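K.L.:
Sharing the record's features from TrEMBL:
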DOMAIN    111-542  domain 'Major facilitator superfamily (MFS) profile'
TRANSMEM  20-39  transmembrane segment
TRANSMEM  151-171  transmembrane segment
TRANSMEM  183-206  transmembrane segment
TRANSMEM  212-230  transmembrane segment
TRANSMEM  242-261  transmembrane segment
TRANSMEM  267-287  transmembrane segment
TRANSMEM  368-389  transmembrane segment
TRANSMEM  401-422  transmembrane segment
TRANSMEM  434-459  transmembrane segment
TRANSMEM  465-482  transmembrane segment
TRANSMEM  518-537  transmembrane segment
Amino acid sequence: MTIGVERLFDELGHFKRYQACLYFAAVFQAISCGIHYLASVFLVETPKFLCGVENITDVLFVNHTAASLQDIWSLYSPGKGPVVVQTAAGQQWELSQCQRALRLDPGDDLRYVFNGTKNVEATCPGGFVYDLSEVHQSIVTDWDLVCENAWLAKLTQPTFMLGVLIGALLFGDVADRVGRKPILMATSLCQFMFGVAVAFSGNYYLFVTMRFLLAMVSSGYLVVVFVYVTEFTGSKVRTWTSLHVHAAFAVGIMVVALVGYLVRVWWIYQIILTLSTAPFLLFCWSFPETPFYLVAKGRHQEAQQLLDTIARFNGLPATLQVSDLLDSNAAEGAAIDEKVAEASGPAAHSGESEHKISILDLFGSCRMAIRTVICWSIWFIGSLGYYVFSLGSVNLGGNQYVNLFLVGLVEIPSYLIGCFLMDRVGRKKTCAPALLLSGVACMIVIVVPNDIAVLAVVLNMTGKFAVAIAFGLIYLYTCELYPTVIRSLAVGSGSMMCRVGSIVAPFCVYLADFWIYMPQLIVGVLAFIIGVLTMFLPETLGQPLTSTLEEAEALGTKPSKGTAKMGNPASNECLELNQPMCKA
């Protein structure tokens, strides 16, 4: 017999009509998180550009002549030599991206080899000329974020990810204090407000500030919605519903690709992305608070009304009383207290002070230290690989919009297959091969010839598919690897490593400026090494959750009696810890 608030799912259904409506409504808004996390791919897109000169009459690039710069953009690429132009005043200029040179005593023909002197201008006082055939308007073209200001454009995504980190820490704590519903409503409204404000930013610094605030509330929503759906769905479906919140995140990535293809003006693009999830604001005010939170806070009358509403909506008699859940909670609490007292031994009864848990307990022994390093590495590479594959997909060649769409699309089956494998072949036997596959795919893409862009895209999608599997299961796996006394600490520290990976990822992607496959090389090497190290972790499939450090250390060293036939209670209990998945 299920005890505590969990009993309501046995009585009213684990995922019946009421829970399904709430689930899909809440997950719909999670799409906006994927949208805003990846929107910068096209917001800060840098087209081809050159130093500007007014009144151009003739253009020469290599052996091609034209009447204007717009006619040579399809041929131009940096490093192939300067673009020579002649103005109506008879001046001849050699143009490159970040400087221009005035030819002194030029001849009449642009084609002859100029051996005279030049007046080189290291800056571009006339501004820049951009290729607007693909990107009609981005923040780069609006605010000239190129050359010495190029670092400002590159700083937008790391700054956003810093906001993600702060938002996850802030709103996760506030949701435990004021409730899940107020945070869902506040962050949804703020997402809309800040999303629109980004579009009307008048300068770069206001743009970055609004994006930072947008990152905070987007992260806050993703954290709290994970808790929300786990507290409204029963144990029979909780693993599925929790993991597939992130399928909505992947849908957001696909929306970014589609809107980016259709709209090439950055502020209109930003407004459309923000409006795409605005309908959620029309009904999010009617969301109820979760039964777990109401009971925990003693709001029994509201909890009873919620139970009656769920029963009626699900077509069941409203016979379940809050008192039934309270009695179970009391019994559960007494049983837990008794077990704690027994486990504590004579020292506890004699009033000996309890050991204070700290992060050092994750390294309390050689075995636990190795386990912690490996787990942290998986958290890190999962996040790093996820965002490197997503943000870097536009650099692979071919159609960048199709590439980004496929990056989001391939993520959805990864969760389905990950759920299937982790409950059948095991956590370790799913995580390690996934990381190894991601590493191998990255290594192979490096040697693919430049003229076979399709193969490079396929390998990149394979890497994203594989790393998403590891990224999806590491939360639950970490829960099962650590005992009750340090489990939340283990998950929290791993989540921090994950966010470090998300902050590092944009800088890793920018290394493509030096070599197109440098990001894949870094992710591939790390994923392969960490995949090998993952094999040294113990398997936890079918194992009960451990309570003490001694039991946790013993994982993988001796067989557990009867685990072949028993279910895995870890999945449900771990998800009840209400820790957010790491995309937040």
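Don't overthink the numbers, they just go from 1 along the chain as shown.
Glycine is no exception: its Cβ is also placed from the backbone N, Cα and C atoms.
TrEMBL annotations: computationally assigned, not manually curated.
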K.L.:
Ranking 183-206, 242-261, 401-422, 434-459 by Cβ pairs under 8 Å to the transmembrane segment (267-287), which is first?
P.N.:
183-206
K.L.:
On average, what pLDDT score does this prediction assign to the domain 'Major facilitator superfamily (MFS) profile' (111-542)?
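P.N.:
Average per-residue pLDDT within the domain 'Major facilitator superfamily (MFS) profile' (111-542): 84.
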K.L.:
Of the listed stretches (151-171, 183-206, 212-230, 368-389), which one yields the highest count of Cβ-Cβ distances below 8 Å with the transmembrane segment (20-39)?
P.N.:
212-230
